[in-house]
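Notes to accompany the following structure.
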Amino acid sequence: MASTSPSPASLSTPLLSGSIAPARAANGHANNHRHHHRDDSDAAASVCDAGGDPFAFLSEDRPPRDRGVSPADPFRNATPAWGGGVYAWARTLLLLPVAALRLALFGLSIAIGYAATWVALRGWADVQDRPREGAGPMPAWRRRLMWITRISARCILFSFGYHWIRKKGRPAPRDLAPIVVSNHVSYIEPIFFFYELFPTIVSSESHDALPFVGTIIRAMQVIYVDRFSPASRKAAVNEIKRKAACNSFPRVLLFPEGTTTNGRFLISFQHGAFIPGYPVQPVVVRYPHVHFDQSWGNISLLKLMFKMFTQFHNFMEVEYLPVVYPPEIKQENALHFAEDTSYAMAHALNVLPTSYSYGDSMIMARAVEAGKANCSNYMVQMAWVKDMYGVNTAEAMELLENFLAMNPDSDGRVKAQEFWAHFGLDCSPLCKKIFHYFNSGITDSITFRQFLVGCAHLRKQPLFQGACETAFEKCRDPETSDISRGQLADVLRLSMLLPSDDGMLRLFKTFDVDGDEKISRDDFLTCLGRFPFLIAFFAAPINGEVYIEIV
């Protein structure tokens, strides 16, 4: 029951800029009202019981209804962990001696290739420690010496069971298509392209520290990039453009998906290959198989290598597709160029392009690390979320940590009680209304995708930032310009019964981001930016109205 009956109209009125005095006066009334009824046992109404959702003062717009968990999992390796039936075990036992020989060939090829590369790079200052930005192309005699390493790479492929590789089409001339892009299924493609094209590749900085491999990819005049650093990404694009513009450099090879998939889907493309605006030749790689999925998905590298060593033969098909040209109209930017290339590759592979991205693989990996079941249920189609709401992977991972702390069930869903317990709150009527905002009240639990999209949707509302600023101004102490624990409790009394002392302390610590025992303006805005649904607790002071939860 509310002392002032709210209506949808009153909840959606523009933010008031009046004094906090009416709210404080009402606060005294709320305290008296609460004391008179504290011992009653009947639960009653909340801020939203008179109609409307708890965020109507921000917008009437609700997040898009979730259509459930997609059956697609672009990262799952379909081969059983160690089983596979009688045939698999018999084949493995039969080929163990062959595997030993293959391992010896692999080690010998790595050693010869590393030695040849070390000689080829000896005395070349441009790549002595790591490739230098602005460095010139590799001299011709060094490139010829690298043929030893390239042949060693083909021997490595042979040791993995790729005795022959079926190719369709041919590489376009370098001056016609200086950039090559390929789908990424396994660690096999970089080895193949090293042998076939000896291109310049774009790679994570972490690869430089890998034994043997770091030296070999350095010879490719690798362009290093930190995918989480805007400055690094910008520098990498500039290097791609510089090297693509000069025919003295080899082709530039990129895997625009940014990670490996199982080959049955294409995930969202990064735009580094398309921003420079040069023609691109797509290449699609397939691994036809019956018993052994060769994709480097949710399987360890050593296990995948062992399985490759114990196959009679591993099949691989490489198809060079027609060159894709950048849009003639400048308004059609790198996004359209990437989409055109993605559709061409998806058509050739007969697979579906999806809105999953490298961020989804990080989310799933974190769920695996946390020991959760059905970890693919945590994926959110990160490319769509980023495009729709501007949420980056780091923000999604931060929310994921909080979601995992809510003790999701085996299907990756969290119920209202566990959700609010994470913030120190009981599942009051107002809290239930807020929780139902994430899933439109259809079920009694939510997925991580619903949690992420709901939070992102609230942050995107045009009145959200203003509401946060207004809430802080009306709740802060005029003398200190901070909010104390007692003042936070006073504000919560306007819309709900207070939680226990421990719960109140936990909620206060959620707002006290820097841990200095007070909620500053930066603390308040940071907390609401992270957990925007908490703004519903401040609807009363924002609108200048008082709602009391009676028990």
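Every residue gets a Cβ built from N, Cα and C, even glycine.
Residues annotated as region 'Disordered' in TrEMBL: 22-45 (among others).
Residues or ranges marked as region 'Disordered' in TrEMBL: 56-75 (among others).
Positions annotated as compositional bias 'Basic and acidic residues' by TrEMBL: 59-68.
Look at TrEMBL and you will find 103-124 (among others) tagged as transmembrane segment.
Sequence annotations record features per position, and here TrEMBL assigns transmembrane segment to 145-165 (among others). Counting same-chain residues at least six beyond the ends of the transmembrane segment (145-165), those with a Cβ under 8 angstroms from any Cβ of the stretch are 102-103, 105-106, 108-110, 112-114, 116-117, 119-120, 138, 188, 191-192, 194-195, 198, 216, 219, 305, 308-309, 311-314, 316-318.
Outside the domain 'EF-hand' (499-534) by six or more residues, the chain places 55, 398-399, 402, 423-426, 434, 437-438, 454-455, 458-459, 464, 468-469, 471-472, 476, 480-485, 488-489 with a CB less than 8 A from a CB of the stretch. For 499-534, the entry in TrEMBL reads domain 'EF-hand'.
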For a three-state summary based on DSSP, what are the helix, strand and coil counts in the domain 'EF-hand' (499-534)?
24 helix, 1 strand, 11 coil
